[in-house]
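Encoded as structure tokens, the structure appears first; notes follow it.
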Amino acid sequence: MYGTGNNAVTPDQAAASRADSLFAHAEGSISEDAILASARERSEEIGARAVTPAVGALLSLLTKLSGGKAVAEVGTGAGVSGLWLLSGMSYDGVLTTIDIEPEYLRLAKQAFSEAGIGPSRTRLISGRGQDVLTRLADESYDLVFIDADPIDQPAYVVEGVRLLRSCGIIVVHRAALGGRAGDPAARDAEVTAVREAARLIAENERLTPALVPLGDGLLAAVRE
């Protein structure tokens, strides 16, 4: 116990406070340019959840580490995550991004154009993520980013791992669900699906995973 009287805090409370401070520092340490800021504003206007700047910066880093010539994304939104992914890709890399909402794809296309990214570097596909992923070629992608309905995470993980080249990386956003995924008392459908996705990754001997506490939780894994 630290302090006295009403100001006393337990070691667990102190640790939680430090963790919150570190999280806030990490999330607030990344700035975005005007193009990303505009895409983020449009994302908020249409109610599409965009990755935080800190998550975006990590996506850019992981994409660069993967080689970044072929990247697939499920959950385009208004293009915020796509811009970050493209920033880490090679000059001739191609981003395949999938969303069921045509309006989201239109706004993402606008964001990519504003960033000076030519149409040959992006492939925007309208459709259900599960349906589109099954049509993509085995072992053809350096990185797969999943930022879609948590209910579908297990299916996306199965398909995403299939798409990875050797040393490719799969990244799953919303792996924490605001802390619910780690709460033993939480047993709803979303939590169950997210835990199943994490289990599939953890039990795959070809994958080396890590859970990163940024945004709503990033579960990343590299394929051997």
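Cβ coordinates come from backbone N, Cα and C, glycine included.
It should be emphasised that the depicted structure is a prediction, and the values quoted were computed from it without experimental measurement.
Noted in Swiss-Prot for the protein shown:
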{"type": "BINDING", "residues": "VAL51, GLU73, GLY75, THR76, SER81, ASP99, ILE100, ASP149", "note": "S-adenosyl-L-methionine binding site"}
{"type": "BINDING", "residues": "ASP147", "note": "substrate binding site"}
For GLY75 (S-adenosyl-L-methionine binding site), which residues of its chain lie six or more apart in sequence with Cβ-Cβ distance below 8 Å?
SER81, ILE98, ASP99, GLY129, PHE145, ILE146, ASP147, ALA148, HIS173
Close in space, distant in sequence - ASP149 (S-adenosyl-L-methionine binding site), Cβ under 8 Å, 6 or more apart:
none
What's the number of neighbouring CB atoms sitting within 10 A of the CB on THR76 (S-adenosyl-L-methionine binding site)?
30
What are the non-local neighbours of ILE100 (S-adenosyl-L-methionine binding site), defined as same-chain residues 6+ apart in sequence with CB under 8 A from its CB?
SER126, GLY127, ARG128, GLY129
If you draw a 10 Å sphere around the Cβ of GLU73 (S-adenosyl-L-methionine binding site), how many other Cβ atoms fall inside it, taking every protein chain shown into account?
27
